[in-house]
Amino acid sequence: MEPAPLILLAAGGTGGHLFPAEALGVVLMQRGLRVRLVTDSRALRYSGLFSREMTDVVPSETVRGRSPVALARTGAMLGAGTLKALTLMWRLKPAAVIGFGGYPTLPPLIAARLMKIPTLVHDSNAVMGRANRFLSAHVTAIATSLPGVLDRDPALAAKTTTTGTPMRPAILAAAAVPYAAPEPDGPLRLLVTGGSQGARIMADVVPHAIEQLSPELWRRLVLVQQVRDEDMARVRAVYDRLKLNFELEPFFSDLPARLASSHLVVSRSGAGTVAELAAIGRPSILVPLPGALDQDQFANAGVLAKADAAIRIAQHDFTPARLAQEITALAADPERLTAMAAGARGVGRLDAAERLADLVVEVAGIPAKTMMYQ
């Protein structure tokens, strides 16, 4: 009996790339297909669907400058990665290779193209990332989380399907928890997160914003905040002095459940975060990461802001006074919080993993009879 077709999932080594790949992998395995992950060494830190036995690490390099030395280093690493990926394709013979963005996806997708293996890229951002943009003209098909991402290019738009962002089972479970607005005198559960690049600004601004809230709000507040180890002491000192009910951690392994139990979220606006806020349906205050060439986080936050589901604050406007003002206004208006939660849910797509799996099967040309639905 021949083994089931293999789908190779290629993703950069951060959660924003890995989590959608994991969510798709779960659905493909439920359909009786085999999956493997191709990524860079950063992904080995994540626990999840992909064990080390299911993961192949391919050399790659992010473009970090335009100097001749930087470009030569990047080119050499991508060349070495592509050679290794070609060997991998020859050995594994995947039915299709699916990319989820990040420079580590370039070698496997280029190798698949050279070997005439069907390819697809998925992009979760409102503005397509640079690696996916480079690959988009060469792949068999494109999937996006949001509509209209490639409307300015008719050739790319013609092979693009809007699927949404695949969600892990933990997110789908959290999405089943309905939003319950805070009672006027009851607890106000505030979740503050920002990822490795965003937690520093949250540590700089949020404690001083909390200081400016009323004593009544201090008594109501149940605060959960992601804080880097190096910022922990100074943040804790402020909250201890205010006698708050708070919890600080550098990383929350149960973040989906934390999102589900929150009344309001303060966060960066990476594609994964925005998609999870939409799927679970929670109001948010979003602070896009500045300086990105494509301003992708600004555009991502704009999707929820346009749906009246989030308040978007540029980092130069993200001051303690501004944040305190927004928290105070929302805490006094549970009806607005409820409307924001509903607006977020209106953006979310809970069936995205199934929709993307359908597209993968189509691109790979896998007959329905070869699959076994579990």
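Glycine too: its Cβ is placed from the backbone N, Cα and C atoms.
Database features (Swiss-Prot):
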- THR14, GLY15, GLY16, ASN125, ARG168, SER196, GLN297: UDP-N-acetyl-alpha-D-glucosamine binding site (BINDING)
Q) Judged by the number of other CB atoms within 10 angstroms, which among THR14, GLN297 is the least packed of the binding-site residues? A) THR14
**Q.** Chain-internal residues near ASN125 (UDP-N-acetyl-alpha-D-glucosamine binding site), provided their CB is under 8 angstroms and they sit 6+ positions away
**A.** GLY101, SER145, LEU146, VAL149, ALA271, ASP294, ASP296, ALA299, ASN300
